[in-house]
Amino acid sequence: MSYTVIYAGTFDPMTNGHLDIIERASELFGQVIVAVAKNPSKQPLFSLEERTALVRQSCAHLANVQAVGFSGLLADFAKQHQAKALVRGIRGSDDIEYEIRLAQLNDKLSGRLDTVFLPPSVTWRYLSSTMVREIYRHQGDVAQFVPNAVLCALKEKE
């Protein structure tokens, strides 16, 4: 069976850890929709359109991956795209309790939506968008942490 799954996040900015999860999900599932979320409670570094374009560029080598910007409930977005499951990255024990509650909530809201947890490769386990933003704001080199498209976009912001 060829399933559609959704990997959602704000991706502000997209990191190599995100790309690792997307690449691995693309090997496991027929179609991966990267749902780039508009989160009104956050002040993003990049606009929704920019973040969606950066995910698209970073995933151009993956034929079964598409990036779509969205706002609203993820469970509703999943229904609209007939997704069978959500893919979530789990970096460590700090993430597990929150992610399990979120998975249960999305399942309840959608009627039936499973969540598949993928730990990132050991290389990227410590990495987060927040860390990348902090390094960037302090003029640090983020080249090893982000896809090339993101690095170019960050340099254009300087």
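Glycine residues also receive a Cβ, built from the backbone N, Cα and C atoms like all the rest.
As given in Swiss-Prot:
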- Thr10, Lys42, Leu74, Arg88: substrate binding site (BINDING)
- Thr10, Phe11, His18, Gly89, Ile90, Arg91, Glu99, Trp124, Arg125, Tyr126, Leu127, Ser128, Ser129, Thr130: ATP binding site (BINDING)
- His18: site 'Transition state stabilizer' (SITE)
Number of Cβ atoms other than its own within 10 Å, given for His18 (ATP binding site): 26
Thr10 (substrate binding site): tally of other CB atoms within 10 A of its CB: 17
Distance [Cα-Cα, Å, rounded] between His18 (ATP binding site) and Arg88 (substrate binding site): 10
Listed binding-site residues among Thr10, Lys42, Leu74, Arg88 whose Cα sits within 10 Å of Glu99 (ATP binding site): Arg88
Top Cα neighbour of Ser129 (ATP binding site) in the set of binding-site residues Thr10, Lys42, Leu74, Arg88: Thr10
Candidate nearest Lys42 (substrate binding site) in space, where candidates are the binding-site residues Ile90, Arg125, Leu127 and distance is Cα-Cα: Leu127
Integer Cα-Cα distance in angstrom, Leu127 (ATP binding site) to Arg88 (substrate binding site): 15
Arg125 (ATP binding site): tally of other CB atoms within 10 A of its CB: 14
Which listed residue (Lys42, Arg88) has most other Cβ within 10 Å, given these are binding-site residues: Arg88
